[in-house]
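Asker: One structure, pasted below without further comment.
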Amino acid sequence: MELEYESKRSLYIPYAGPILLEFPLLNKGSAFSIEERNDFNLNGLLPETVESIEEQAERAWRQFQDFKNNNDKHVYLRNIQDTNETLFYRLLDNHLEEMMPIIYTPTVGAACEHFSEIYRRARGLFISYPNRANIEDMLQNATKQNVKVIVVTDGERILGLGDQGIGGMGIPIGKLSLYTACGGISPAYTLPVVLDVGTNNQQLLNDPLYMGWRHPRITGEEYDNFVNEFIQAVKSRWPNVLLQFEDFAQKNAMPLLERYRDEVCCFNDDIQGTAAVTLGTLIAASRAAGGKLCEQKVVFLGAGSAGCGIAEQIIAQMKSEGLSDEEARARVFMVDRFGLLTDRLPNLLNFQSRLVQKSDSLSGWDSANDSLSLLDVVRNAKPDIMIGVSGQPGLFSEEIVREMHKHCTRPIIMPLSNPTSRVEATPQDIMAWTDGCALVATGSPFSPVSWKDKTYPIAQCNNSYIFPGIGLGVIASGASRVTDSMLMAASRALADCSPLVNDGEGPVLPEVNDIQGVSKIIAMAVGKAAQLAGVAVVTSEDVLSKAIAANFWLPQYRNYRRTSI
C-alpha cells in the first residue's frame, strides 16, 4: 500500500545523548541528521552515515526475513518497537500483511505463553494486587502522559489458551500495535495494562522464571474491588480515555462491561468487537449470497460471552431489517458442550437465558437424545450460517458440514476460534466437503484454498478490521461512551467495504493492506453514530472528516530542536 508522509512542524526535545537514544518514541537511530547529532550530543554515538527511514526499514526487513521461526520474528519486531517505534510502524506499513500474524494472532499466543522467558524490556503498566494501594502512583509513573486508549487484561482467558497470568500482557501490547498500524492512533497515546491478580496456572506458579505474583487468583469481592480501584484511578488520571477490556474470563467479562459501560468510555473487544466484525462479515456474506441476514438461520457452537454477544448483534440487525424480537430470536440457535440451549436447561447465565429456544418449537425434531447436539440442530433447523466460537478444534466435522450443505447451496461457515490450533475446521476441509460452495471466514489467517482449478480467498474475520476504526472514531469525535449504535454503525460500514459485494469477486472482507482506509471509513460511521446518540458534540461531516485526518498518525520522523527541561 502506497502511503503519503507529510512533513510536520519541528518538535522541541529536552533530552539528549544516550537518554534520547533510549527513548523509543523519539529515537531515530541512524536517521538523526548532522545538525541534530551536533545539537543533541549524539556525535560518536552513531555510525557516520545518515540514513532515511526507508533505508532503515529495508535493513530491518532483510533481518526479519533471516528469521525462520515466527516466535523469533515476534521477538525481533518487539525489540524494534522497544527501541524505535517510528521505524517499527514504518516497517509494519510496508509489510502489514506479512507482519500482522507475527505481532498479533496467531503468533502472539505463543509469546504470551513464554512471556517471562522472552521478556526483554518493560512496556506498559503491571498493576499487581499486592501493590494495590499505589495504583494512582503507578498511573502517574506511566511513560506516556496524554493517554487516549488503554487496553487492559487480567490474563485469565488469553485467546484459546486459558490462564497465562501476566503473560497476557502480550495481548494489550499487540492490540495497541494494531490500533496504531491499522487505525492511525499515535503510539504516544496508547497504554497496555495487565492487572496481576495471581494465576491458577500451576505450570506458571512452578516456573522459576515467572515474573508475576505467585498466588492463586483472587476472586469475588476482592477482585471486584481491585478492578474498581483501577478504573476509578484511570477516570481520575485520564477522564476521556477509551478503555478496552481484553481477554477477561467469561465470569467477569460481561459483568464488568455491564457495570462500567455507562460510567466510562469503554468496550469489551471479545464480546462487542468480535460481534461487530462478525456481523459486518455476515451482512456482506448475506448480500453476496443474494439475500438479507433476516432471511438466514444461524447456529453457534459456543455459547459463552463472545458467542452470545455476536448473537445479540445479529438479532439487532435482523430486527432492523423488519423482524420482531421473537421472530429474530427464533432464527438463532446456541449450542454448547451440553447441547442446544433451551428453556428447559437449568443454571444458564443471564446473557444465555435470552437466547434459548422454546422446547415446544422443537417437538417435531428428529433426534434420539434429550440433549440436542450440533448435528441434531443442523439436521433439523437447517441453518444457512454456522459460527464456531468454541475454542475446541475439529468440532465442525465432515458429517456436520456435509449435512449443512444438503439443504443450503451456499453455506456461510465461520470457524472463528483462535489461535489456528483451535479452529473448528480448516478452510481446506470446508471447501472440500461443500465442493467449493461455502463462503468461509476464519478468526486466524489462512492461505487461499485451491479446489478444482479455482482459488478461493479466505476472509479473516479479525477484530482488527473493527476496533482500530472504533478507536479512531471515538478520539476524533470526542465520544464519551461507546454505544450499541456506534458498534452497529461500524459493522455496516465494514460490510459496505466488501470486495465480494462491491466487485462480485474476491474475499468477503477487504485485503489487510487496505485496512487503514477501512478504519477511516469505520471511524466516520462511528463518529456520526456517536453524535446521533448524544455522546459526542454534533459537527458537520466535513469537520468530523478533518478531525479523523488530523488524528491519523503516520510513521515519519520529525525534525527536532533542542530545548531545556
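A Cβ is built for glycine as well, from the same backbone N, Cα and C atoms used for every other residue.
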Asker: Among Arg157, Arg344, Arg492, which residue does Swiss-Prot name as a further NAD(+) binder in the site formed by Asp270, Asn418?
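Answerer: As annotated by Swiss-Prot, Asp270, Asn418 share the NAD(+) site with Arg157, chosen from Arg157, Arg344, Arg492.
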Asker: If I restrict to non-local contacts, at least six residues apart, and a C-beta distance under 8 angstroms, what lies near Glu246 (divalent metal cation binding site) in its own chain?
Answerer: Val151, Val152, Thr153, Ile171, Pro172, Lys175, Asn268, Asp269, Asp270
Asker: Cα of Asn418 (NAD(+) binding site) to Cα of Tyr104 (active site, proton donor): how many Å, rounded?
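Answerer: Approximately 11 Å lies between the Cα of Asn418 (NAD(+) binding site) and that of Tyr104 (active site, proton donor).
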Asker: Using the Cβ center of Arg157, Asp270, Asn418 as the NAD(+) site position, which other residues in that chain lie within 8 Å, going by their Cβ?
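Answerer: Other same-chain residues near the NAD(+) site: Ile158, Leu159, Gly160, Asp247, Ala306, Gly391.
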Asker: Roughly how many Å separate the Cα of Asp247 (divalent metal cation binding site) from that of Arg157 (NAD(+) binding site), to the nearest whole number?
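Answerer: Arg157 (NAD(+) binding site) has its Cα 5 Å from the Cα of Asp247 (divalent metal cation binding site).
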Asker: DSSP on Tyr104 (active site, proton donor), three-state: which is it?
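Answerer: In the DSSP reduction, Tyr104 (active site, proton donor) maps to coil.
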Asker: What is the total of other Cβ atoms whose distance to the Cβ of Asn418 (NAD(+) binding site) is within 10 Å?
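Answerer: For Asn418 (NAD(+) binding site), the 10 Å Cβ neighbour count is 24.
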Asker: Within 8 Å of the Cβ centroid of the divalent metal cation site residues Glu246, Asp247, Asp270, which other residues of the same chain have their Cβ?
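Answerer: Here the nearby residues are Thr153, Arg157, Ile158, Ile171, Phe245, Phe248, Ala253, Asn268, Asp269.
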Asker: Around Tyr104 (active site, proton donor), which residues of its chain at least 6 apart sit with Cβ under 8 Å of its Cβ?
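Answerer: Same-chain residues close to Tyr104 (active site, proton donor) (Cβ under 8 Å, separated by 6 or more) are Gly174, Lys175, Ser177, Leu178, Ser464.
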